[in-house]
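Engineer: Below are the features I grabbed from Swiss-Prot:
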- 1-30: region 'Disordered' (REGION)
- 454-474: transmembrane segment (TRANSMEM)
- 1013-1082: zinc finger (ZN_FING)
- Cys1020, His1022, Cys1040, Cys1043: Zn(2+) 1 binding site (BINDING)
- Cys1033, Cys1034, His1044, His1050: Zn(2+) 2 binding site (BINDING)
- Cys1062, Cys1065, Cys1075, Cys1080: Zn(2+) 3 binding site (BINDING)
- 1084-1147: zinc finger (ZN_FING)
- 1148-1190: zinc finger (ZN_FING)
Amino acid sequence: MGVGDPLPLPPEKNRREVNKPPDIASTSSSSASAVNNARLSDAPILLFVYFHKAFRAQLAELQFLAGDTVRSGSDLAVELRSKFEFLKLVYKYHSAAEDEVIFSALDTRVKNIVFNYSLEHDATDDLFTSVFHWLNVLEEEQGNRADVLREVVLCIGTIQSSICQHMLKEERQVFPLMIENFSFEEQASLVWQFICSVPVMVLEEIFPWMTSLLSPKEKSEVETCFKEVVPNELSLQLVINSWLIDDSQSSLTALTKIMKGVQSVEVSENMTNSQTNSSSSGVFQRFWQWSKKMSFSSPNTGHILVHGIHLWHNAIRKDLVDIQKGLCQLTFPSLSLDLNVLVVRLNFLADVLIFYSNAFKTFFYPVFEDMVDQQHSSSSKQFTIDGHVENFKKSLDLETRAGSDNFVITLQEKLESLILTVAKQFSIEETEVFPIISKNCNIEMQRQLLYRSIHFLPLGLLKCVIMWFSAQLPEDECQSIIHYLSSEDSFPNKPFAHLLLQWFRFGYSGKTPVESFWNELSFMFKPRCSFEEELTEEASGSFFQQSPQKLFKVSDPYSMDPPAGYMNETPYSSAMNQQILIPGKLRPLLHLPDLFGDKTIGEHLTMDLKPIDLIFYFHKAMKKDLDYLVRGSARLATDYSFLGEFQQRFHLIKFLYQIHSDAEDEIAFPALEAKGKLQNISQSYSIDHELEVEHLNKVSFLLNELAELNMLVLDHKNVKYEKLCMSLQDICKSIHKLLSEHLHREETELWCLFRDCFTIEEQEKIIACMLGRISGEILQDMIPWLMESLIPDEQHAVMSLWRQATRKTMFGEWLTEWYNSHAVEEETEEANKDPSENSDPLDVVWSYLFEGAADEYKGSICSKPLEETELKGIMNKPLGKAAPNNKVEFGNKEENHLEISGSKKVCTGADETKYKEQTDSNAQAFQMSHNTSQSGQDSRYECLLSMSQEDVEATIRRISRDSSLDPQKKSYIIQNLLMSRWIATQRIYNLEPSILSSNREAVPGQNPSYRDPHKLIFGCKHYKRSCKLLAPCCNKLYTCIRCHDEEVDHLLDRKQITKMMCMKCMIIQPVGASCSNISCSSSMGKYYCKICKLFDDDREIYHCPYCNLCRLGKGLSIDYFHCMKCNACMSRLIVEHVCREKCLEDNCPICHEYIFTSNSPVKALPCGHVMHSTCFQEYTCSHYTCPICSKSLGDMQVYFRMLDALLAEQKMPDEYLNQTQVILCNDCGRKGNAPYHWLYHKCSSCASYNTRLF
């Protein structure tokens, strides 16, 4: 199969189309439009968005290239790997710049935004790892080429979806905030800091790469932006412009291997005379060929490399020793400022050593290996300082942020170890490596090595190094270097050489004192603190007894006002390069507690269960279904018959995920952000939800396309089918990656916040609000789906949390009723299920015992046929509840209170006469049809039911001795034999309506009733329906339960109702959504509830699983929600209300009707009590206080002012004029004094007259 490109699909017409992110961009908020409408000339920070455009274009190009089926696998793999290595490197620097420069700055102005985006950056490495694996397989030509290419295309699609969605989110949230909160100058400063923090070698490649993928207009805008961003220094402007217009790829090979930590050359064994071997591919030969092309005119001054390296090593050693001495002199708290400077110097030298070590491994050491055999290079190869320096840098960072009481002592010990390590490494290099390189390389080649090494440093750090190094050198050495840099042929890039000369001269001039130099560098190398607030307590006690956190007077390292100085014209982010070069993160943007240690999430939750954990159990189930999507989409490529099952499962996943996302966006996240310090923390996740729904919609579209294709084309190998399957698998893998990472980030960032910031009661309220929006029909799908993904302990934990959150409702009752009926159905299905073949269990038993048995054995079993009266008695004796139909299709699922009142039957005598004949004929037809179809069955049922216990035992022994049966067949027949009598009884019991219907007078009320006799509409005044219910207490048919309750002196228990009568065919039958008479099959009503035994063909009704009643309305989450505390279904318009526990489970204070099951509208009072709306209207004609708690029913200020005016006109008798009375206010609950009055007493606290004498 040719791989090719996935089939185009809407709404995103082509995934490879340049600069077109998913269609979700059309739903961008006003913040996103701020980015789209802003110009780069007005907002320099948008340079990062132009990088986004380049990334999108490059990914589209790579996906197109991967679809090339003509080229050989190895050639294609090499080209793709080279481009992906470069893309990975550029994206790493882009992400590091956002983390350490953009995000850190934004976090000083807008809190709780950036951590989620940094987590997304961390997840990118896995994406590239996968594609590199398949490229290796493709290059080695292992396996089927088409299958490997398919995997490569799928990996690229996943990378494209993940990175493009991440960039789109940044454009919708991060960069609009940057434009809003930062001035033009501040944005330009951040962009320039990013440029100065990237190695020169990388900058030389990034800028041409980016501009080559932009349109001419965009390229011009970028060039104009750089003129504004780069400081107004001619040398810098010339250098940046030279990089922008340079489109050479000379250093691409070395560049892409900088970060890989591998040697970029192939070792050649015989390199003694390698200068003349132009066919060799070693680094030495490439540098040699390069040096021959150069025409350096400077004189050959000898071993320039060895001499320069000695100067470099001595400067580093000298500074390390000076710092060590400075640490030893710290004995008093007054010298704590000196400690700040020493830590900055250590950070600077650590960065210098890290870059130097990487440059040595990348350039110098491979050349050295090309010149000697492995035996001579073993000592230098086994010992390198990079690991020691990285560990020291990590330790320094951690100790500075957290530290211990012995911070300085610990630092001294680690520094001493570092000095010994560095000295040993430098000694090996000076005695083994550099002398050989200097001896075998001419001056031009040595300069090329130095040139490449200098380019390894970031621009900002390079300036710091030159300034620092020039201050360490004697005057004659400085003059020699100045002379070298001043020569015309010192470097290929003349502007860059001139810039280095300018920096060196400034450092050599001494215009910046050493103290000022380190103070200026403190802005770049100041250690980052993990705490947000500056500690202002004064140090007390001895120096070594202080907390290390109090030793550093740390200013904001991301202030937009860096200290003025020559050094800060080229700012440098040390943390940005640490993120690239040092494995592991040094900076936690947010400190998360170690919730689990080495335990899994499930193990932890069962130990420390909290209500909010219910959300994350849902996450676990969702993750398993994401795996199912990937497996299922792959299976569809070879099995189109699987489409129906996959489509059904996907729609369930999509539906449940949408419910979960909406609940988080509308309930959980707002509750979290309501905590003052957590504002904005969830906005990124809400954007994720919106974008992920778009991806799910694409899957729905593809599945519909596949379904239509299957109906028209039976050949599943059709090319269009293959392309659709390819597109489906591509999107499913992308969804798996996006949603898995999304759920992981929620658990990483938000879970501990929910658990720690909310009390148990608050968590229960959040969960209760989320559950109160889920209808019973959804719960019947959700609960089994959730349970099948969890282990037994987790299942128990989930149901425990669920029951706890709904303990004040009828949920337990609903769950029991639903689960019992569900279990009965499953048992019945299991009893009728043949594990080996699709045959009836009674047929299996019958064929073995009777058809294959001898005549005398048949007679022995069937010698006791049941008499008709005995059979009727058995059939009329229920052995258990008939299994309800659990797969009834519900109508509308949502509404408010309902248990509707009833009416008497409306049926004329003529109607009875007319329908008596119809009833008899229908009953006769029904009975005849059953007699015909069941005559053979009845004889079998009689024989099976006539078997005694002794007969059953004898039969079991006979089966066990039958040598013609295998053990599995024996077990199966014995099992069916033991169940046969129960199954036969159940089936006979379900035939009971035909017997009952044969004698119509035996059941009173077996005639139709009408809601509208003139239009012949079935029902009663309460309901429009096509059936009657058989009341077991009266053995009489009533149209509805309320009709029964109004006619007799007792109440009908709905749970006891098992039979109904169809008013069209007049057949009594088990309760169901439609008539079981095949000749009728009429619907009993648009809405049917098997729990309430409620039918209605007129209104929108839903069954609330928490009230366990049917209510009028469209349903939970549509126009109603269930408040778990009030235990009431309420309109979504009154989400904010006064909760009163089980407020509806009481009588109306006016008419004393039980409100919970009343069908009359209910009025909620401000105090939380309720009464009927009609009762409220009548009551408020003469009262203004609650009849239960006496609080005012509304705002009574107008009435109270009228009383003020009335009392002001009244004159009290003299004997009462100065008397007061003690009162208690019903509104505010306070006690106070009021002037004497026979009726009205005003509260002195709230000015209410709703008071009483105390």
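From the backbone N, Cα and C atoms, a Cβ is placed for every residue, glycine too.
Since we're looking at a predicted model, the values are computed, not measured.
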Engineer: Between the binding-site residues His1022, His1044, His1050, where is the Cβ count within 10 Å the lowest?
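Structural biologist: Looking at the binding-site residues His1022, His1044, His1050, the Cβ with the fewest others within 10 Å is that of His1050.
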Engineer: If you count other CB atoms within 10 A of each CB, which of Cys1062, Cys1075 wins among these binding-site residues?
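Structural biologist: Its Cβ has the most other Cβ atoms within 10 Å: Cys1062.
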Engineer: Hey, which of the binding-site residues Cys1033, Cys1040, Cys1043, Cys1065, Cys1080 is the loneliest by Cβ count within 10 Å?
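Structural biologist: Cys1033, out of the binding-site residues Cys1033, Cys1040, Cys1043, Cys1065, Cys1080, has the fewest neighbouring Cβ atoms within 10 Å.
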Engineer: With every protein chain in view, what's the tally of Cβ atoms within 10 Å of the Cβ of Cys1020 (Zn(2+) 1 binding site), excluding that atom itself?
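Structural biologist: Result for Cys1020 (Zn(2+) 1 binding site): 23 other Cβ atoms within 10 Å.
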Engineer: May I ask you to report the DSSP-based helix, strand or coil state of His1022 (Zn(2+) 1 binding site)?
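Structural biologist: The residue in question, His1022 (Zn(2+) 1 binding site), is coil (DSSP, three-state).
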Engineer: Counting each residue once, how many in the zinc finger (1148-1190) are helix, strand and coil under DSSP?
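Structural biologist: Once the DSSP states are binned, the zinc finger (1148-1190) shows 7 helix, 8 strand, 28 coil.
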Engineer: Enter the number of other CB atoms within 10 angstroms of the CB of Cys1034 (Zn(2+) 2 binding site).
Structural biologist: 15
Engineer: Where does Cys1075 (Zn(2+) 3 binding site) sit in the DSSP three-state scheme?
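Structural biologist: It is coil.
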Engineer: Can you tell me which of the binding-site residues Cys1020, His1022, Cys1033, Cys1034, His1050 is spatially closest to Cys1080 (Zn(2+) 3 binding site)? Compare CA atoms only.
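Structural biologist: In terms of Cα distance, Cys1080 (Zn(2+) 3 binding site) lies closest to Cys1020.
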Engineer: In whole Å, how far is Cys1020 (Zn(2+) 1 binding site) from His1050 (Zn(2+) 2 binding site) when you measure between their Cα atoms?
Structural biologist: 20
Engineer: Measuring Cα to Cα, how far is His1044 (Zn(2+) 2 binding site) from His1022 (Zn(2+) 1 binding site) in Å?
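Structural biologist: So the Cα of His1022 (Zn(2+) 1 binding site) lies 12 Å away from that of His1044 (Zn(2+) 2 binding site).
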Engineer: Hey, how far is His1022 (Zn(2+) 1 binding site) from Cys1065 (Zn(2+) 3 binding site), Cα to Cα, in Å?
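Structural biologist: So the alpha carbons of His1022 (Zn(2+) 1 binding site) and Cys1065 (Zn(2+) 3 binding site) sit roughly 22 Å from each other.
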Engineer: I need the CA-to-CA distance for Cys1040 (Zn(2+) 1 binding site) versus Cys1065 (Zn(2+) 3 binding site), whole Å please.
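Structural biologist: Their Cα atoms are separated by 18 Å.
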Engineer: Summarise the zinc finger (1013-1082) as counts of helix, strand and coil residues per DSSP.
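Structural biologist: Its residues fall into 10 helix, 18 strand, 42 coil.
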Engineer: Round to the nearest Å and give the CA-to-CA distance linking Cys1062 (Zn(2+) 3 binding site) with Cys1020 (Zn(2+) 1 binding site).
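Structural biologist: If we compare the Cα positions of Cys1062 (Zn(2+) 3 binding site) and Cys1020 (Zn(2+) 1 binding site), the gap is 14 Å.
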Engineer: If we check Cα distances from Cys1034 (Zn(2+) 2 binding site), which of the binding-site residues Cys1043, Cys1065, Cys1075 wins as closest?
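Structural biologist: Closest by Cα: Cys1043.
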Engineer: In the zinc finger (1084-1147), how many residues does DSSP assign to helix, to strand and to coil?
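Structural biologist: Computed counts for the zinc finger (1084-1147) are 3 helix, 24 strand, 37 coil.
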Engineer: In whole Å, note down how far the CA of Cys1033 (Zn(2+) 2 binding site) lies from the CA of Cys1043 (Zn(2+) 1 binding site).
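Structural biologist: Rounded to a whole number, the Cα-Cα distance is 14 Å.
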